[in-house]
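To keep things clear, I will list the structure first and then write my remarks on it.
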């Protein structure tokens, strides 16, 4: 890795925007790819993202903006992907440049639907990026609070401690504290699973369950997450660390959470289609619940909460009935 | 234990009232002691508690009410204490009847300030109640949601499984699910410690920290709680069960939480005295933070959050400065 590696963020959403903001605190130049040329033009003109996290202001002289993904891949030594998981494959399929020599960070919270792989594995298997060159950036961190510069903690995971440390350094600032980890698989799964549990929390709320039940649901969620991750990637980890439990809590309890909001609408009686139409953002948990459910068909872990969300979203089961049943499966 | 043991609840607050309500779902008669004779008279006349949880209606024919604590001790085979920990000793000192043959449940979330003992230990050491006859009733459960009959889960702990099962049976209903445990020490400490962490969460909120930080604070709180309880009573337990983590979350995140509210006022700049005057209820975490801090002086566990709360409440340290320092001690 060069001493002053070039870093680029891929994505035009809230989280991508927040990461660009964090990097701008430390770097002279930050690459920023977004597929929409209009958005690129808008940012150059107005110094903020037109669609997401628009309260975050940028010094455009610091930004190297492009809607050409190959140009951005060529530019960067370290690539940070923050594209919703459902669109990752479409974007990556545009790449003709070689990725195998790059350091790739995933700030995506989900599974690539087309391959059923978490993002790190997808880069490894589909784009020949060595596992040692793959990292994960995870919360608990709502982008909205980064825009407000409210103190937030990130976990930077990589098998290569040096890489994790470098990324930590570039993301840290007076409102961002970082911690490093070597659990790239576990942190990615946690980031994906938490969206399902946040959706369940929203559904419960929409159905009229109260705070007492929410606490039981979250307590069961972290135990379910622990079982799930242990099965897919066994290693020593403290599931109560911020990257796992903290990330679950911020998503399950915060009003900023789109997954919770989506679940809430479902609980209140919206159909999946109408809830999707109401929201201008993708709720990652929607895709994640299917991926996790399918993955679990072979792993056979006891995951009553994931199962409940899947049944409601994909099998069109009645949320009230499914939750009534779920209350007997958790404790 | 007789086949139809007589049960009495001691206390006139929200949680005592909620427990009486739960028992009334299953028992023909429930004993209810409160020190205030005016409240007793009011309930007989108006069928609800005048001061706390007044939306919970009672059939007074089901209640055996008294403001004479010895009369109530004589009446009951199983005694459930739900008096704020700061007042327990004063109340217990009135008792001249023998307690050693009774089954005693603690639904108190705190340490008896005068003895520095958790409630179960206090009954054991000061009133000769055998440890096997002691139980704990714990949440996650806000009394307010019991009044609304919102689904809630309780954990009933006792060394004697039979006793735990009997109490579980009497508390269960269509809105209360129960689970039994043998960890009477751990569940009591958890119930006490969670109030300190809820107070910290409130302080953070009052100081302007956001949801991202709250999630990190809660993630660190449960790890700190685990270290603390492991030191005072080592046994196999899953700290993420509802009685520990769930109880922490419901207290840390709910608007019903008096401890969180108290902390919030401190964070916003109220003095301890003025915050106490503003609230008509006792915030258990106030006493708990001192007890836990003192207990920890000899145990020497790393408890930065308890320490921070103690420094603010008892050493008059500036909340802003203490939290600024705390942000570097947690991750």
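Every residue, even glycine, has its Cβ placed from backbone N, Cα and C.
Annotated substrate-binding residues in TrEMBL are B:258, B:259, and among B:94, B:102, B:109 the one listed with them is B:109. Within 10 Å of residue B:259 (substrate binding site), judged by CA to CA distance, lie the following recorded positions from the set B:87, B:143, B:194: B:194.
Considering only the recorded positions B:143, B:194, B:258, residue B:109 (substrate binding site) has B:194 as its nearest partner by CA-CA distance. Across all of the domain 'Glycerol-3-phosphate dehydrogenase NAD-dependent C-terminal' (B:183-323), the predicted model scores a mean pLDDT of 94.
In sequence order, B:195, B:198, B:199, B:251, B:257, B:260, B:262, B:283, B:284, B:285 are the same-chain residues whose CB sits within 8 A of the CB centroid of B:109, B:258, B:259, the residues recorded for substrate being left out. For residue B:194 (active site, proton acceptor), the Cβ neighbour count at a 10 Å cut-off comes to 31, with all displayed protein chains included. For the binding-site residues given as B:109, B:258, the lowest number of other CB atoms within 10 Å of the residue's CB is seen at B:258.
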